[in-house]
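Features of the protein shown, as given by Swiss-Prot:
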type: REGION; residues: 1-228; note: region 'Pyrophosphorylase'
type: BINDING; residues: 8-11, LYS22, GLN72, 77-78, GLY138, GLU153, ASN168, ASN226, ARG331, LYS349, TYR364, ASN375; note: UDP-N-acetyl-alpha-D-glucosamine binding site
type: BINDING; residues: ASP101, ASN226; note: Mg(2+) binding site
type: REGION; residues: 229-249; note: region 'Linker'
type: REGION; residues: 250-459; note: region 'N-acetyltransferase'
type: ACT_SITE; residues: HIS361; note: active site, proton acceptor
type: BINDING; residues: ASN384, TYR385, SER403, THR421, ARG438; note: acetyl-CoA binding site
Amino acid sequence: MNFKAIILAAGKGTRMKSKYPKVIHKVCGKEMVNHIIDVSKKSGVKDTVVILGHEADVVKEKLAEEIIIAMQTEQLGTGHAVKMAKEYINDEDTIVVLCGDTPLIKEETLKRLFEYHIENKYHATVLTTRVGNPTGYGRIIRDKKGDLLKIVEQKDANSEEKMISEINSGIYCFNGKSLREALDLLNNNNSQGEYYLTDTAKIMRDKGLKVGAFAGSTIEELMGVNSRVELSKAEEIMRRRINESHMVNGVTIIDTNSTYIESDVMIGNDTIIYPGVMLQGKTRIGSDCIIGMNSSITNSEIGDGTEIKNSTIIDSKVGENSTVGPYAYLRPKSDLGNNVKIGDFVEVKNAIIEDGSKASHLSYIGDAHVGKNVNIGCGVVFVNYDGKNKFKSIVKDNAFIGSNSNLVAPVVVEEKGYIATGSTITHDVPDGALAIARERQVIKEGWVEKKNQKDDQSK
């Protein structure tokens, strides 16, 4: 069975009050249209066609290369939109039509829709739900056997039909051959002058084909996002789902209301997440980690047993059983090994720091390779920029960099090299050598008294 998705994403979304197309607004770090694409793939869809219109190039930039694009230059209704993808619909396909602004649809729901459609040998199946207040929605009218008779829009419903609580979700499953034939018979003979996809069900039924409705979803899951208020609601629901999913899988989240975890983040079991944490992008957190209050980690990998304390980590890697923070900043391309300590107010950028090394306080380590078991004292600066170019420094295994020292790149400190406190190092340091690069202390006895006398005389 070849499942293919057609995603309707051509609309402008004027109620969003945005210069950007509606479907690329993000929910928990991912564009709405990409949520739909990912969920459809997980449900078994092999190929995806996205119908674009308004600001098509902007949307296309956010889509993976394998996504098929079909254009709807004029927005003439949902049926017209699907017509634009007709060349990609094969007779043997099972087609699911989805809306690009419904990011909360679940993989399990689509799988059940497919199963229901196939088991009942329907040519078209609409996904439905029942609500307490159906006002504004298209009503599902079933025949005596429970099959779909028709879909009646709110404005066309009579008083009896308005009492029906089962509503149309806007998500459909079709037999490919039947859909192609029905699209050819669509017309726009209605008050809006549009081609409605819902009319395909009636066309199929009039031809004697079996069509159905699957009441297998919830109004929350089917919520469309048309405004910033609805975007916020979708974000809240998605965030709750994500947090609950991690907790079910063995992660402790102290305060779910203040914890923000994006949809592609992965976390190992027995990790504890404290309040105020933000985990974004493709971040991977290992098992038995502690992610402390107000830490922000983006597109980074954290090894098992590591503790992050109130720190910011971006596009970096931290090994196992290491500690970072409090108030540390790992900028892009920081790569820390196992059992590494990066302490308070230490900044690391584009640097490798190997196993067992530590920089406990107030240091800047940029464009560097630090070996194993190196001690970097308080106030050490890797001076990497001459105003035009950046250079790299290398500190090899078991070296000791004394407090308040400057390593002026490019410079190499060989194994067991020892830098005296307060030194400014501009030349390589040999293996096992002590480097002292500072003025010798001078004591001038009685200097203060002489200075005071001179100051008094000048008054």
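Including glycine, each Cβ sits where the backbone N, Cα and C put it.
Put simply, TYR385 is the one of the recorded positions HIS361, TYR385, SER403, ARG438 whose Cα lies nearest to the Cα of LYS22 (UDP-N-acetyl-alpha-D-glucosamine binding site). Per-residue pLDDT, averaged along the region 'N-acetyltransferase' (250-459), amounts to 97 for this model. The Cα atom of THR421 (acetyl-CoA binding site) lies nearest to that of ASN226, taking the binding-site residues LEU8, GLY77, GLY138, ASN226 as the candidates. Using a 10 Å Cβ-Cβ cutoff, LEU8 (UDP-N-acetyl-alpha-D-glucosamine binding site) registers 27 neighbours. According to DSSP, the region 'Linker' (229-249) comprises 20 helix, 0 strand, 1 coil. Counted over all residue pairs in ASN384, TYR385, SER403, THR421, ARG438, the record's binders of acetyl-CoA, the longest Cα to Cα distance measures 22 angstrom. Looking only at the binding-site residues ASP101, ASN226, ASN384, TYR385, SER403, the one with its C-alpha closest to ALA10 (UDP-N-acetyl-alpha-D-glucosamine binding site) is ASP101. For TYR385 (acetyl-CoA binding site), the nearest neighbour among the binding-site residues GLY77, ASP101, GLY138, ASN168, judged by Cα separation, is ASP101.
Ranking the binding-site residues LYS22, ARG438 by C-beta neighbours within 10 Å puts LYS22 at the top. Around GLY138 (UDP-N-acetyl-alpha-D-glucosamine binding site), the same-chain residues six or more apart in sequence whose CB sits under 8 Å from its CB are ILE151, VAL152, GLU153, GLN154, ILE167, ASN168, THR198, listed in sequence order. For the binding-site residues shown (ASN384, SER403), fewest C-beta neighbours within 10 angstroms: SER403.
Using CA atoms as reference points, the binding-site residues ASN384, SER403, ARG438 were checked against TYR364 (UDP-N-acetyl-alpha-D-glucosamine binding site), and the closest is ASN384.
Checking the binding-site residues (LEU8, GLY77, ASN384, SER403) against ASP101 (Mg(2+) binding site) with a 10 Å Cα-Cα cut-off leaves LEU8. Take the Cα of ASN384 (acetyl-CoA binding site) and measure to each of the recorded positions GLY77, ASN226, ARG331, HIS361: the nearest one is ARG331. Residues near GLY77 (UDP-N-acetyl-alpha-D-glucosamine binding site) in space but far in sequence (CB under 8 A, at least 6 apart, same chain), listed by position: ASN188, GLN192, GLU194, TYR195, TYR196, LEU197.
Counting other C-beta atoms within 10 Å of each candidate's C-beta, the binding-site residues TYR364, TYR385 are led by TYR364.
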